Amino acid sequence: MAIEIAPFTPNDPRPANEITVIVGMSGGVDSSVSALLLKQQGYKVEGLFMKNWDEDDGTEYCTAMTDLMDAAAVCQKLDIHLHTANFARQYWDNVFEYFLEEYKACRTPNPDILCNREIKFKVFLEYAKKLGADYIATGHYTRTSQHEGCTQLRKGLDPNKDQSYFLHAVGEQEFAQTLFPIGDIEKPQVRAIAEERGLVTHNKKDSTGICFIGERRFKDFLETYLPAQPGVIVDENGVEIGKHQGLMYHTIGQRQGLGIGGVPGRPEAPWYVAEKRLQTNQLVVVQGSNHPLLFSNELTTGAMHWINPRLAPTLSEPFRCTAKTRYRQPEQWCTLTANGDGVIAVFDEPQRAVTPGQSAVFYQGDICLGGAVIETTRKH
């Protein structure tokens, strides 16, 4: 399949064959094709497979070994050297402990965002530099561009796969040293390229969920590290209608897994989580996916991370932009104002199931400005 792609290092005066790029090889199709495209453009390409989870779990071990074998097969096919590295200690200290602390506080964190900031674009980048890399590359569906001397993060071309949401906490210095070879390609084309070149990963299923949980049930996994804290499920009026095993097992907007079924004297409509009351250990549920208590107009965040501080809005006056409060959500118009080192975002339209612990990520057009962890929500 012929594909025209602009050079990946347009601002680097060196020819491609003098530039070393180390690709983060996950054993999936996206990183495989990223390595292939770099190789085709003449870069000196190497791969690195990182192991970020060391807990003794048979299923996870088998998955990691399969991924490593697939990464090795692709590198052999492309005639590039594959390094391996174990970053499990750094992952535990900088990602997993935060994940547990957030769940203890009954919030719903996004460890993938922290993994990108702390591991893939920090530990991996530093390690690759020691191996002689001029740049690292990953299989993320996102792009970068230059503006006024700054490296900006842009959405990937494929709207169904854009991963800028997960990268908003990374800094511009890291992006300046990173290449995203498939950012201008749509996923079906990536698979077609891999199949045409005979890469073993061409039809491999995309990984989903949190990397260290794998295919296990989330509740079973969490119980391994955090003790259950049973409490009661109540409706919006405080009437008890069931029991829960722990607020940490539930998230705002959740429908499945509540275990309350039909409630005598109530309609058959499904129940949804509307609130988690930490002080009383009560899980508040409401009926109907459009119940008013599931919606909010405003959120506040923790410390705001602007990818390009020099280009960031001062917020000395209200700033208009779009936002996502979860991955794959269509962008929503909002107005930002300063709130300490965070922001207050007021949305034009009520937003459903905005969840403390998740991230609000802000955009201007296809430029990702940055984001922050959601602290509170409010209904006007």
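All residue numbers here begin at 1 and follow the chain in the order shown.
From the backbone N, Cα and C atoms, a Cβ is placed for every residue, glycine too.
Going by what Swiss-Prot states, the ATP site holds Gly24, Met25, Ser26, Gly27, Gly28, Val29, Asp30, Ser31, Met50, and the candidate of Gly139, Gly149, Gly156 recorded there is Gly139.
The two recorded residues, His140 (site 'Interaction with tRNA') and Asp30 (ATP binding site), have Cα atoms 7 Å apart. Other C-beta atoms found within 10 angstroms of the C-beta of Met50 (ATP binding site) number 20, with every protein chain shown included. Taking CA atoms as the reference points, Gly28 (ATP binding site) and Cys115 (active site, nucleophile) are 17 Å apart. The Cβ neighbour count for Cys115 (active site, nucleophile), using a 10 Å radius and every protein chain shown, is 24. Taken over all pairs of the listed ATP-binding residues (Gly24, Met25, Ser26, Gly27, Gly28, Val29, Asp30, Ser31, Met50, Gly139), the Cα spread reaches a maximum of 16 Å, rounded to the nearest whole number. Gln358 (site 'Interaction with tRNA') sits 25 Å from Ser26 (ATP binding site), taking the CA atoms of both as reference points.
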